[in-house]
């Protein structure tokens, strides 16, 4: 891979927030930190729009705008960045949600310099994860992102913030070990040491080594997505994190897990994926049903939304496991859609807490009269989350279903079982979301909740944040190509690569595709 442009545009996207963060301590007044952070976030987002609008070719499935500079040549470590259809939409999603999170944190008064410093560090690291093409650089950016999140929860979180932050860092740090194990297995597992993803994808590995690396990456990315039973850090983190951090946590950080699965497990370890894909499909179905059932039992608003996120990420797993272009399309669309929907719901949840000082569902109620704008936008976000036709959630889930049903890699009974379990989750989703709306906004207001003088509807700044998230949700729902055109050609190429790893004659079994050699051993049928 060689430098394809004279100006290192992708390096600018990563380094701008990372380096600009160190300018915050130099500001003469703390109140300037929010303006500074907003300027950096908006500039980076504008730079993304310019780069992808003028220098990116939507018709090309290969890596574009590639940059490669020797960093530590003694160990083959390069500053290697590139973008394709897998990373393009997620980079934009990261830029949009993080910039809006800065606006959402506008009234922060406790240590604003440190808060926005950490937020910009996290921003740059997220973009770096999506653009990195060197496994060691990918790992480095992944690790840089962990520390700001830990501190942002531990310092600005709720009463149990230390517990939630510690649980987050223990889970994610342990997961990082598996990224390192998988990376080293691939780097040393074939002739010629390399950390470059493109070079690793072109090499041939023993199947046993592929399975080892795949399992390691699956555990690491399964924690981040998260996948049941590696999910238990997420409800605690969401419960204690402030609203702006929950926006980024649900909107961007979870997508890093899905991106890692597609980029490494599917894109490079496609032969091992043949064996693990049925497991992913089952885990996806379990995620959907478990997340929906757990959400039903939550009395705390943010915990209900956290378990909802777990359920929605199950569709990503099923899409990845489908072996079809539609499945991969649906997985990416579900990540984009959920990122926007979760961000707006957690933002509006934070607004509700600011007004009422509680998120206990049995203590809320009757807020629709005092907060009609918040009620309308919260309802719109909830309807998008339950996959109402005309909104992005519907398109994402429908595409995943079609990808699974049209797959010829599984027996019809297996596909029907997965689809049935997913359908159970879809039926439960409106139950826990609509009951949540009823408990928060309908009924009689608890007289001990808060004085009416403290209740106020959305202000213009808050309306702007919510609408900037809801409009893309509606736009993608009505015209999905707004999102799918960014990755269509890439998913076609990845799906073709996956199908080349399947047996020449696909023999359908309830769980695993059967290798051609096993066909001869089967008794003849009448």
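Cβ coordinates are placed from backbone N, Cα and C, and glycine is handled just like the others.
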Ask   = Taking 331-351, 352-372 as the choices, which stretch does Swiss-Prot tie to transmembrane segment?
value = 331-351
Inquiry  = If I go by Swiss-Prot, the feature transmembrane segment sits on one of 417-437, 438-458. Which?
reply    = 417-437
Task = For the transmembrane segment (114-134), could you work out the same-chain residues 6 or more beyond its ends whose Cβ comes under 8 Å from its Cβ atoms?
result = 1, 10, 13-18, 20-22, 24-25, 33-34, 36-37, 40-41, 44, 63, 66, 68, 77-83, 87, 90-91, 94-95, 98, 101-102, 105, 108, 140-142, 144-145, 147-149, 151-152, 155-156, 195-198, 244, 248, 252-253, 256, 259
Ask   = For the transmembrane segment (463-483), which stretch among 7-27, 86-106, 135-155, 417-437 has the most Cβ pairs under 8 A?
value = 86-106
Remark   = Within the same chain, the residues 6 or more beyond the ends of the transmembrane segment (7-27) and with Cβ under 8 Å of it are 33, 36-37, 40-41, 43-44, 47-48, 51, 55, 65, 67, 79, 81-83, 91, 113, 116-118, 120-121, 123-125, 127-128, 131, 141
Request  = Give the one range among 35-55, 242-262, 276-296, 331-351 whose Cβ atoms make the most pairs under 8 Å with those of the transmembrane segment (417-437).
outcome  = 276-296
Key: Cβ pairs under 8 Å between the transmembrane segment (86-106) and the transmembrane segment (35-55), at least three   = yes
Task = Report the listed stretch (135-155, 168-188, 331-351, 374-396) having the maximum count of Cβ pairs within less than 8 Å of the transmembrane segment (242-262).
result = 331-351
